[in-house]
(Lines of atoms letter the chains of each structure in order from A and count residues from 1; the text may use other names and numbers.)
(Lines give C-alpha, C1' and ligand atoms only; values in the text may rest on other atoms or scores of the structure.)
Protein backbone atom coordinates (compact mmCIF):
# COMPACT_ATOMS: atom_id res chain seq x y z
CA UNK A 1 0.00 0.00 0.00
CA UNK A 2 3.03 2.25 0.23
CA UNK A 3 3.08 2.42 -3.53
CA UNK A 4 -0.56 3.52 -3.50
CA UNK A 5 0.28 6.40 -1.15
CA UNK A 6 3.02 7.62 -3.48
CA UNK A 7 0.67 7.46 -6.44
CA UNK A 8 -2.05 9.22 -4.44
CA UNK A 9 0.27 12.10 -3.50
CA UNK A 10 1.24 12.53 -7.12
CA UNK A 11 -2.36 12.52 -8.30
CA UNK A 12 -3.29 15.13 -5.70
CA UNK A 13 -0.99 17.53 -7.52
CA UNK A 14 -2.77 16.65 -10.75
CA UNK A 15 -6.05 17.40 -9.01
CA UNK A 16 -4.92 21.01 -8.51
CA UNK A 17 -4.19 21.56 -12.19
CA UNK A 18 -7.33 19.89 -13.53
CA UNK A 19 -10.73 21.18 -14.54
CA UNK A 20 -13.92 20.43 -12.64
CA UNK A 21 -14.68 17.32 -14.68
CA UNK A 22 -11.07 16.18 -14.33
CA UNK A 23 -11.36 16.53 -10.57
CA UNK A 24 -14.47 14.34 -10.61
CA UNK A 25 -12.62 11.76 -12.64
CA UNK A 26 -9.73 11.78 -10.17
CA UNK A 27 -12.16 11.45 -7.26
CA UNK A 28 -13.66 8.34 -8.83
CA UNK A 29 -10.18 7.00 -9.49
CA UNK A 30 -9.14 7.48 -5.87
CA UNK A 31 -12.25 6.22 -4.14
CA UNK A 32 -13.76 3.57 -6.39
CA UNK A 33 -10.60 2.11 -7.81
CA UNK A 34 -7.60 2.53 -5.59
CA UNK A 35 -9.53 2.31 -2.35
CA UNK A 36 -11.57 -0.71 -3.48
CA UNK A 37 -8.44 -2.44 -4.78
CA UNK A 38 -6.56 -1.74 -1.59
CA UNK A 39 -9.24 -2.73 0.88
CA UNK A 40 -11.70 -5.26 -0.58
CA UNK A 41 -10.39 -6.75 -3.80
CA UNK A 42 -7.33 -8.38 -2.31
CA UNK A 43 -9.43 -10.19 0.27
CA UNK A 44 -11.85 -11.36 -2.39
CA UNK A 45 -9.19 -12.53 -4.78
CA UNK A 46 -6.71 -13.77 -2.18
CA UNK A 47 -7.89 -17.40 -2.27
CA UNK A 48 -8.11 -17.44 -6.01
CA UNK A 49 -5.53 -20.20 -6.53
CA UNK A 50 -5.97 -22.05 -3.23
CA UNK A 51 -9.73 -22.31 -3.76
CA UNK A 52 -9.40 -23.57 -7.31
CA UNK A 53 -10.08 -27.36 -7.05
CA UNK A 54 -9.90 -29.94 -9.90
CA UNK A 55 -11.03 -33.61 -9.99
CA UNK A 56 -7.67 -35.11 -10.94
CA UNK A 57 -4.56 -36.32 -9.19
CA UNK A 58 -2.34 -35.86 -12.16
CA UNK A 59 0.62 -33.77 -11.16
CA UNK A 60 0.59 -30.39 -12.86
CA UNK A 61 -2.87 -30.77 -14.30
CA UNK A 62 -4.46 -28.42 -11.73
CA UNK A 63 -1.91 -25.70 -12.44
CA UNK A 64 -2.51 -25.99 -16.19
CA UNK A 65 -6.26 -25.72 -15.64
CA UNK A 66 -5.83 -22.69 -13.32
CA UNK A 67 -3.71 -20.96 -15.92
CA UNK A 68 -6.40 -21.51 -18.50
CA UNK A 69 -9.13 -20.29 -16.13
CA UNK A 70 -7.26 -17.18 -14.90
CA UNK A 71 -4.58 -16.15 -17.38
CA UNK A 72 -4.03 -12.96 -15.33
CA UNK A 73 -5.17 -12.15 -11.87
CA UNK A 74 -7.95 -9.58 -11.97
CA UNK A 75 -6.61 -7.77 -8.93
CA UNK A 76 -3.29 -7.25 -10.66
CA UNK A 77 -5.03 -6.42 -13.90
CA UNK A 78 -6.98 -3.63 -12.20
CA UNK A 79 -3.84 -2.29 -10.59
CA UNK A 80 -2.18 -2.10 -13.97
CA UNK A 81 -5.28 -0.41 -15.35
CA UNK A 82 -5.13 2.29 -12.66
CA UNK A 83 -1.42 2.87 -13.27
CA UNK A 84 -1.73 3.10 -17.03
CA UNK A 85 -4.81 5.29 -16.91
CA UNK A 86 -3.11 7.66 -14.45
CA UNK A 87 0.15 7.90 -16.39
CA UNK A 88 -1.07 10.59 -18.89
CA UNK A 89 -2.22 12.65 -15.92
CA UNK A 90 1.25 12.43 -14.44
CA UNK A 91 2.72 13.72 -17.71
CA UNK A 92 0.30 16.62 -17.71
CA UNK A 93 1.14 17.37 -14.09
CA UNK A 94 4.83 17.59 -14.96
CA UNK A 95 4.12 20.10 -17.73
CA UNK A 96 1.84 22.12 -15.45
CA UNK A 97 4.49 22.28 -12.73
CA UNK A 98 7.03 23.43 -15.29
CA UNK A 99 4.75 26.22 -16.48
CA UNK A 100 4.02 27.19 -12.91
CA UNK A 101 7.70 27.48 -12.16
CA UNK A 102 8.25 29.62 -15.26
CA UNK A 103 5.42 31.93 -14.26
CA UNK A 104 6.75 32.18 -10.73
CA UNK A 105 10.20 33.09 -12.00
CA UNK A 106 8.69 35.74 -14.25
CA UNK A 107 6.70 37.11 -11.33
CA UNK A 108 9.79 37.30 -9.16
CA UNK A 109 11.67 39.07 -11.95
CA UNK A 110 8.87 41.60 -12.34
CA UNK A 111 8.80 42.16 -8.59
CA UNK A 112 12.52 42.84 -8.57
CA UNK A 113 12.16 45.23 -11.51
CA UNK A 114 9.31 47.09 -9.82
CA UNK A 115 11.29 47.40 -6.62
CA UNK A 116 14.21 48.88 -8.54
CA UNK A 117 11.88 51.34 -10.28
CA UNK A 118 10.26 52.17 -6.95
CA UNK A 119 13.64 52.98 -5.47
CA UNK A 120 14.55 55.15 -8.44
CA UNK A 121 11.30 57.13 -8.35
CA UNK A 122 11.67 60.39 -6.46
CA UNK A 123 9.35 61.50 -3.71
CA UNK A 124 8.30 64.49 -5.81
CA UNK A 125 6.37 62.12 -8.09
CA UNK A 126 3.69 60.63 -5.82
CA UNK A 127 1.47 59.50 -8.65
CA UNK A 128 4.10 57.27 -10.25
CA UNK A 129 5.18 55.98 -6.86
CA UNK A 130 1.63 55.08 -5.95
CA UNK A 131 1.17 53.30 -9.27
CA UNK A 132 4.32 51.23 -8.77
CA UNK A 133 3.26 50.31 -5.24
CA UNK A 134 -0.12 49.16 -6.48
CA UNK A 135 1.49 47.01 -9.18
CA UNK A 136 3.84 45.51 -6.60
CA UNK A 137 0.93 44.66 -4.30
CA UNK A 138 -0.90 43.06 -7.19
CA UNK A 139 2.13 40.93 -7.98
CA UNK A 140 2.31 39.85 -4.35
CA UNK A 141 -1.32 38.81 -4.43
CA UNK A 142 -0.94 37.16 -7.83
CA UNK A 143 0.98 34.20 -6.50
CA UNK A 144 -0.21 31.24 -8.54
CA UNK A 145 -1.06 27.87 -7.07
CA UNK A 146 -1.65 26.42 -10.49
CA UNK A 147 -0.71 27.29 -14.01
CA UNK A 148 -3.45 28.84 -16.13
CA UNK A 149 -4.95 26.39 -18.59
CA UNK A 150 -4.07 28.04 -21.89
CA UNK A 151 -1.63 27.74 -24.73
CA UNK A 152 0.60 24.68 -24.80
CA UNK A 153 -0.61 23.60 -21.38
CA UNK A 154 -4.15 23.36 -22.70
CA UNK A 155 -2.96 21.28 -25.62
CA UNK A 156 -1.15 18.95 -23.22
CA UNK A 157 -4.28 18.62 -21.12
CA UNK A 158 -6.43 17.67 -24.10
CA UNK A 159 -3.85 15.16 -25.32
CA UNK A 160 -3.62 13.52 -21.92
CA UNK A 161 -7.42 13.15 -21.81
CA UNK A 162 -7.40 11.43 -25.18
CA UNK A 163 -4.58 9.15 -24.09
CA UNK A 164 -6.17 7.98 -20.87
CA UNK A 165 -9.48 7.48 -22.68
CA UNK A 166 -7.78 5.24 -25.20
CA UNK A 167 -6.05 3.34 -22.38
CA UNK A 168 -9.34 2.99 -20.55
CA UNK A 169 -11.04 1.56 -23.60
CA UNK A 170 -8.16 -0.85 -24.15
CA UNK A 171 -8.32 -2.22 -20.63
CA UNK A 172 -12.07 -2.56 -20.80
CA UNK A 173 -11.80 -4.54 -24.04
CA UNK A 174 -9.06 -6.69 -22.55
CA UNK A 175 -11.07 -7.47 -19.45
CA UNK A 176 -14.04 -8.43 -21.58
CA UNK A 177 -11.92 -10.72 -23.76
CA UNK A 178 -10.36 -12.39 -20.73
CA UNK A 179 -13.29 -12.80 -18.41
CA UNK A 180 -16.38 -11.38 -20.06
CA UNK A 181 -19.09 -10.07 -17.78
CA UNK A 182 -19.77 -13.28 -15.90
CA UNK A 183 -17.47 -15.76 -14.14
CA UNK A 184 -18.63 -19.45 -14.39
CA UNK A 185 -18.27 -21.61 -11.25
CA UNK A 186 -17.33 -24.73 -13.34
CA UNK A 187 -14.36 -24.65 -15.63
CA UNK A 188 -13.59 -27.61 -17.94
CA UNK A 189 -10.01 -27.93 -19.09
CA UNK A 190 -8.13 -30.40 -21.25
CA UNK A 191 -4.61 -30.48 -22.34
CA UNK A 192 -1.27 -31.88 -21.53
CA UNK A 193 -0.56 -33.29 -18.90
CA UNK A 194 -4.25 -33.94 -18.16
CA UNK A 195 -5.23 -37.35 -19.63
CA UNK A 196 -8.81 -36.25 -20.42
CA UNK A 197 -11.28 -33.41 -19.80
CA UNK A 198 -10.89 -32.22 -16.24
CA UNK A 199 -13.56 -30.42 -14.22
CA UNK A 200 -12.35 -27.53 -12.02
CA UNK A 201 -14.31 -25.39 -9.62
CA UNK A 202 -13.84 -21.64 -8.92
CA UNK A 203 -14.12 -20.33 -5.37
CA UNK A 204 -16.70 -17.53 -4.70
CA UNK A 205 -17.61 -17.01 -8.35
CA UNK A 206 -20.61 -14.74 -7.62
CA UNK A 207 -18.61 -12.32 -5.50
CA UNK A 208 -15.88 -12.22 -8.10
CA UNK A 209 -18.47 -11.58 -10.81
CA UNK A 210 -19.81 -8.64 -8.82
CA UNK A 211 -16.34 -7.17 -8.50
CA UNK A 212 -15.79 -7.78 -12.15
CA UNK A 213 -18.92 -5.87 -13.11
CA UNK A 214 -18.17 -3.13 -10.61
CA UNK A 215 -14.69 -2.44 -11.97
CA UNK A 216 -16.03 -2.52 -15.50
CA UNK A 217 -18.71 0.00 -14.56
CA UNK A 218 -16.12 2.30 -12.93
CA UNK A 219 -14.07 2.14 -16.10
CA UNK A 220 -17.14 3.04 -18.16
CA UNK A 221 -17.89 6.02 -15.93
CA UNK A 222 -14.29 7.20 -16.22
CA UNK A 223 -14.49 6.93 -19.99
CA UNK A 224 -17.71 8.92 -20.04
CA UNK A 225 -16.10 11.65 -17.90
CA UNK A 226 -13.18 11.80 -20.28
CA UNK A 227 -15.47 12.26 -23.26
CA UNK A 228 -17.49 14.86 -21.37
CA UNK A 229 -14.35 16.77 -20.45
CA UNK A 230 -13.23 16.82 -24.08
CA UNK A 231 -16.56 18.28 -25.13
CA UNK A 232 -16.38 20.77 -22.28
CA UNK A 233 -12.94 21.99 -23.30
CA UNK A 234 -13.95 22.16 -26.95
CA UNK A 235 -17.11 24.08 -26.17
CA UNK A 236 -15.18 26.35 -23.84
CA UNK A 237 -12.56 26.94 -26.49
CA UNK A 238 -15.17 27.69 -29.13
CA UNK A 239 -17.07 29.92 -26.74
CA UNK A 240 -13.90 31.75 -25.83
CA UNK A 241 -13.08 32.27 -29.48
CA UNK A 242 -16.56 33.49 -30.31
CA UNK A 243 -16.69 35.63 -27.19
CA UNK A 244 -13.29 37.02 -28.04
CA UNK A 245 -14.51 37.99 -31.49
CA UNK A 246 -17.72 39.43 -30.03
CA UNK A 247 -15.79 41.28 -27.36
CA UNK A 248 -13.36 42.59 -29.94
CA UNK A 249 -16.25 43.72 -32.12
CA UNK A 250 -17.97 45.28 -29.12
CA UNK A 251 -14.81 47.10 -28.12
CA UNK A 252 -14.40 48.25 -31.72
CA UNK A 253 -17.96 49.57 -31.78
CA UNK A 254 -17.53 51.21 -28.39
CA UNK A 255 -14.30 52.80 -29.57
CA UNK A 256 -15.99 54.28 -32.63
CA UNK A 257 -19.00 55.35 -30.56
CA UNK A 258 -16.78 57.06 -27.99
CA UNK A 259 -14.79 58.67 -30.78
CA UNK A 260 -17.98 59.96 -32.39
CA UNK A 261 -19.17 61.31 -29.03
CA UNK A 262 -15.83 63.01 -28.49
CA UNK A 263 -16.01 64.58 -31.94
CA UNK A 264 -19.56 65.80 -31.28
CA UNK A 265 -18.56 67.16 -27.87
CA UNK A 266 -15.50 68.83 -29.37
CA UNK A 267 -17.60 70.35 -32.15
CA UNK A 268 -20.18 71.57 -29.64
CA UNK A 269 -17.52 73.10 -27.40
CA UNK A 270 -15.88 74.75 -30.41
CA UNK A 271 -19.24 76.09 -31.59
CA UNK A 272 -20.03 77.34 -28.10
CA UNK A 273 -16.69 79.12 -27.86
CA UNK A 274 -17.21 80.63 -31.31
CA UNK A 275 -20.68 81.84 -30.36
CA UNK A 276 -19.29 83.34 -27.19
CA UNK A 277 -16.71 85.29 -29.17
CA UNK A 278 -19.23 86.54 -31.76
CA UNK A 279 -20.32 90.18 -31.12
CA UNK A 280 -24.06 90.67 -31.06
CA UNK A 281 -25.39 92.99 -33.75
CA UNK A 282 -27.03 96.12 -32.31
CA UNK A 283 -30.50 97.07 -33.34
CA UNK A 284 -31.20 99.74 -35.94
CA UNK A 285 -32.03 102.54 -33.50
CA UNK A 286 -28.86 102.01 -31.49
CA UNK A 287 -26.80 101.95 -34.70
CA UNK A 288 -28.35 105.21 -35.93
CA UNK A 289 -27.81 106.79 -32.53
CA UNK A 290 -24.16 105.79 -32.40
CA UNK A 291 -23.52 106.99 -35.94
CA UNK A 292 -25.34 110.28 -35.28
CA UNK A 293 -23.12 110.97 -32.28
CA UNK A 294 -20.10 110.11 -34.39
CA UNK A 295 -21.14 112.65 -36.98
CA UNK A 296 -21.84 115.29 -34.32
CA UNK A 297 -18.51 114.76 -32.60
CA UNK A 298 -16.00 114.00 -35.33
CA UNK A 299 -13.03 114.59 -33.04
CA UNK A 300 -13.92 111.54 -30.93
CA UNK A 301 -12.83 108.02 -31.78
CA UNK A 302 -14.93 106.06 -34.18
CA UNK A 303 -17.64 103.80 -32.90
CA UNK A 304 -16.51 100.40 -31.80
CA UNK A 305 -19.70 98.67 -32.74
CA UNK A 306 -18.05 96.93 -35.67
CA UNK A 307 -14.42 97.02 -34.70
CA UNK A 308 -12.45 94.09 -36.10
CA UNK A 309 -12.55 91.05 -33.92
CA UNK A 310 -9.70 88.54 -33.89
CA UNK A 311 -12.19 85.86 -34.59
CA UNK A 312 -12.98 85.31 -38.24
CA UNK A 313 -16.71 85.11 -37.58
CA UNK A 314 -16.93 88.80 -36.65
CA UNK A 315 -15.93 89.80 -40.21
CA UNK A 316 -18.87 87.90 -41.65
CA UNK A 317 -21.24 89.42 -39.08
CA UNK A 318 -19.99 92.91 -39.93
CA UNK A 319 -20.58 92.29 -43.62
CA UNK A 320 -24.09 91.06 -42.90
CA UNK A 321 -24.86 94.15 -40.81
CA UNK A 322 -23.44 96.45 -43.49
CA UNK A 323 -25.58 94.75 -46.12
CA UNK A 324 -28.61 95.31 -43.94
CA UNK A 325 -27.67 98.98 -43.52
CA UNK A 326 -27.25 99.37 -47.27
CA UNK A 327 -30.70 97.87 -47.81
CA UNK A 328 -32.28 100.31 -45.37
CA UNK A 329 -30.29 103.13 -46.96
CA UNK A 330 -31.54 102.21 -50.42
CA UNK A 331 -35.13 102.38 -49.21
CA UNK A 332 -34.53 105.79 -47.67
CA UNK A 333 -32.80 107.03 -50.82
CA UNK A 334 -35.78 105.95 -52.90
CA UNK A 335 -38.13 107.91 -50.62
CA UNK A 336 -35.95 111.02 -50.70
CA UNK A 337 -35.47 110.74 -54.46
CA UNK A 338 -39.24 110.89 -54.88
CA UNK A 339 -39.37 114.07 -52.81
CA UNK A 340 -36.47 115.56 -54.77
CA UNK A 341 -38.20 114.80 -58.05
CA UNK A 342 -41.30 116.63 -56.78
CA UNK A 343 -39.32 119.70 -55.80
CA UNK A 344 -37.36 119.53 -59.05
CA UNK A 345 -40.62 119.67 -60.99
CA UNK A 346 -41.67 122.75 -59.05
CA UNK A 347 -38.37 124.57 -59.56
CA UNK A 348 -37.80 123.51 -63.16
CA UNK A 349 -39.03 126.89 -64.44
CA UNK A 350 -36.48 128.86 -62.41
CA UNK A 351 -33.27 126.97 -63.34
CA UNK A 352 -30.34 129.16 -64.16
CA UNK A 353 -26.65 128.66 -64.92
CA UNK A 354 -25.38 130.66 -61.95
CA UNK A 355 -25.68 130.13 -58.20
CA UNK A 356 -26.63 132.97 -55.94
CA UNK A 357 -25.62 132.91 -52.30
CA UNK A 358 -27.44 135.74 -50.56
CA UNK A 359 -27.28 137.97 -53.63
CA UNK A 360 -23.71 137.13 -54.65
CA UNK A 361 -23.19 135.48 -58.03
CA UNK A 362 -20.75 132.58 -58.28
CA UNK A 363 -19.69 130.76 -61.35
CA UNK A 364 -21.52 127.40 -61.62
CA UNK A 365 -18.49 125.44 -62.78
CA UNK A 366 -16.31 126.67 -59.92
CA UNK A 367 -18.96 125.75 -57.39
CA UNK A 368 -19.37 122.28 -58.90
CA UNK A 369 -15.61 121.65 -58.72
CA UNK A 370 -15.58 122.85 -55.14
CA UNK A 371 -18.44 120.55 -54.22
CA UNK A 372 -16.76 117.54 -55.87
CA UNK A 373 -13.52 118.24 -53.98
CA UNK A 374 -15.39 118.53 -50.71
CA UNK A 375 -17.38 115.37 -51.47
CA UNK A 376 -14.19 113.34 -52.06
CA UNK A 377 -12.66 114.65 -48.82
CA UNK A 378 -15.80 113.83 -46.89
CA UNK A 379 -15.90 110.30 -48.39
CA UNK A 380 -12.27 109.72 -47.44
CA UNK A 381 -12.92 110.83 -43.89
CA UNK A 382 -16.14 108.89 -43.88
CA UNK A 383 -14.70 105.49 -44.81
CA UNK A 384 -11.62 105.85 -42.62
CA UNK A 385 -13.61 105.40 -39.42
CA UNK A 386 -13.70 101.55 -39.62
CA UNK A 387 -17.45 101.41 -40.08
CA UNK A 388 -20.12 102.66 -42.40
CA UNK A 389 -22.70 105.15 -41.23
CA UNK A 390 -26.04 105.75 -42.79
CA UNK A 391 -25.63 108.80 -44.99
CA UNK A 392 -29.07 110.15 -44.46
CA UNK A 393 -32.47 109.60 -42.99
CA UNK A 394 -35.74 110.86 -44.38
CA UNK A 395 -36.87 113.30 -41.71
CA UNK A 396 -39.96 115.35 -41.65
CA UNK A 397 -39.02 119.00 -41.52
CA UNK A 398 -41.35 120.05 -38.79
CA UNK A 399 -40.71 117.10 -36.50
CA UNK A 400 -36.97 117.26 -37.04
CA UNK A 401 -36.79 120.93 -36.16
CA UNK A 402 -38.75 120.28 -33.00
CA UNK A 403 -36.45 117.44 -31.94
CA UNK A 404 -33.09 118.97 -32.86
CA UNK A 405 -33.31 122.74 -33.34
CA UNK A 406 -29.58 123.10 -33.91
CA UNK A 407 -29.35 121.29 -37.22
CA UNK A 408 -28.09 122.38 -40.61
CA UNK A 409 -29.70 120.74 -43.62
CA UNK A 410 -27.82 120.21 -46.85
CA UNK A 411 -30.04 119.87 -49.87
CA UNK A 412 -29.13 118.77 -53.36
CA UNK A 413 -28.35 121.49 -55.83
CA UNK A 414 -31.28 120.72 -58.01
CA UNK A 415 -33.73 120.22 -55.15
CA UNK A 416 -35.43 123.34 -53.79
CA UNK A 417 -36.90 122.57 -50.42
CA UNK A 418 -39.08 124.68 -48.26
CA UNK A 419 -40.45 123.48 -44.92
CA UNK A 420 -44.11 123.69 -44.19
CA UNK A 421 -43.57 125.85 -41.17
CA UNK A 422 -41.73 128.48 -43.17
CA UNK A 423 -44.41 131.04 -44.04
CA UNK A 424 -41.98 133.72 -45.20
CA UNK A 425 -40.25 133.93 -48.52
CA UNK A 426 -36.58 134.32 -49.35
CA UNK A 427 -34.79 136.93 -51.41
CA UNK A 428 -35.36 140.61 -51.93
CA UNK A 429 -37.68 139.96 -54.81
CA UNK A 430 -40.25 138.18 -52.60
CA UNK A 431 -40.36 140.41 -49.51
CA UNK A 432 -43.60 142.04 -50.61
CA UNK A 433 -45.45 138.68 -50.56
CA UNK A 434 -48.05 137.91 -47.98
CA UNK A 435 -46.29 136.58 -44.86
CA UNK A 436 -49.25 134.89 -43.28
CA UNK A 437 -50.40 132.65 -46.08
CA UNK A 438 -48.96 129.11 -46.25
CA UNK A 439 -47.44 127.82 -49.51
CA UNK A 440 -50.03 126.53 -51.94
CA UNK A 441 -49.45 124.93 -55.27
CA UNK A 442 -46.32 126.68 -56.54
CA UNK A 443 -44.05 127.67 -53.72
CA UNK A 444 -43.41 131.35 -53.32
CA UNK A 445 -39.83 132.41 -53.13
CA UNK A 446 -38.63 129.07 -54.34
CA UNK A 447 -34.96 128.18 -54.23
CA UNK A 448 -33.17 128.80 -57.41
CA UNK A 449 -30.93 126.13 -58.90
CA UNK A 450 -27.90 125.63 -56.69
CA UNK A 451 -29.08 128.13 -54.05
CA UNK A 452 -28.33 127.10 -50.48
CA UNK A 453 -29.66 129.13 -47.58
CA UNK A 454 -29.45 128.85 -43.85
CA UNK A 455 -32.86 128.32 -42.28
CA UNK A 456 -33.71 130.44 -39.25
CA UNK A 457 -35.40 128.92 -36.22
CA UNK A 458 -39.17 128.83 -36.29
CA UNK A 459 -40.98 130.87 -33.74
CA UNK A 460 -44.47 129.83 -34.84
CA UNK A 461 -46.59 129.22 -37.81
CA UNK A 462 -47.55 132.88 -38.20
CA UNK A 463 -44.00 134.24 -37.69
CA UNK A 464 -41.98 135.08 -40.78
CA UNK A 465 -38.37 135.93 -41.47
CA UNK A 466 -37.06 139.07 -43.19
CA UNK A 467 -33.55 138.83 -44.52
CA UNK A 468 -32.04 142.22 -45.24
CA UNK A 469 -30.55 142.85 -48.56
CA UNK A 470 -27.74 145.02 -47.35
CA UNK A 471 -24.12 144.26 -47.78
CA UNK A 472 -23.52 144.38 -44.04
CA UNK A 473 -25.94 141.68 -43.42
CA UNK A 474 -24.46 139.57 -46.13
CA UNK A 475 -20.99 140.13 -44.94
CA UNK A 476 -21.86 139.19 -41.40
CA UNK A 477 -23.01 135.76 -42.25
CA UNK A 478 -20.58 132.92 -41.71
CA UNK A 479 -21.27 130.09 -44.08
CA UNK A 480 -19.65 126.67 -43.77
CA UNK A 481 -19.33 125.19 -47.25
CA UNK A 482 -17.58 122.09 -45.92
CA UNK A 483 -20.59 121.14 -43.85
CA UNK A 484 -23.24 121.89 -46.51
CA UNK A 485 -23.46 119.43 -49.38
CA UNK A 486 -25.33 119.99 -52.60
CA UNK A 487 -25.99 117.77 -55.56
CA UNK A 488 -26.38 118.70 -59.17
CA UNK A 489 -27.42 115.22 -60.29
CA UNK A 490 -31.10 114.94 -61.32
CA UNK A 491 -31.38 111.80 -59.15
CA UNK A 492 -30.12 112.45 -55.70
CA UNK A 493 -27.33 109.97 -54.86
CA UNK A 494 -26.89 108.51 -51.38
CA UNK A 495 -23.93 110.69 -50.47
CA UNK A 496 -25.93 113.89 -51.06
CA UNK A 497 -28.77 113.03 -48.71
CA UNK A 498 -29.57 114.99 -45.56
CA UNK A 499 -26.69 114.78 -43.02
CA UNK A 500 -26.89 115.79 -39.40
CA UNK A 501 -24.10 117.71 -37.67
CA UNK A 502 -23.49 120.12 -34.87
CA UNK A 503 -20.12 121.43 -36.03
CA UNK A 504 -21.74 124.63 -37.20
CA UNK A 505 -22.98 125.33 -33.69
CA UNK A 506 -19.53 124.75 -32.22
CA UNK A 507 -17.86 127.20 -34.61
CA UNK A 508 -20.62 129.83 -34.90
CA UNK A 509 -19.71 133.52 -34.97
CA UNK A 510 -21.96 135.96 -33.16
CA UNK A 511 -23.59 137.07 -36.40
CA UNK A 512 -24.60 133.56 -37.54
CA UNK A 513 -28.22 132.72 -37.66
CA UNK A 514 -29.27 129.80 -35.46
CA UNK A 515 -31.57 127.01 -36.51
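Even glycines carry a Cβ here, placed using N, Cα and C.
Membrane topology from Swiss-Prot places residue 19 together with residue 134 on one side. Range annotated as transmembrane segment by Swiss-Prot, chosen from 105-125, 126-146, 189-209, 210-230: 210-230. The transmembrane segment annotation in Swiss-Prot falls on one of the ranges 78-98, 246-266, namely 78-98. Shown for the topological domain 'Extracellular' (41-77): DSSP residue counts in helix, strand and coil, namely 17 helix, 2 strand, 18 coil.
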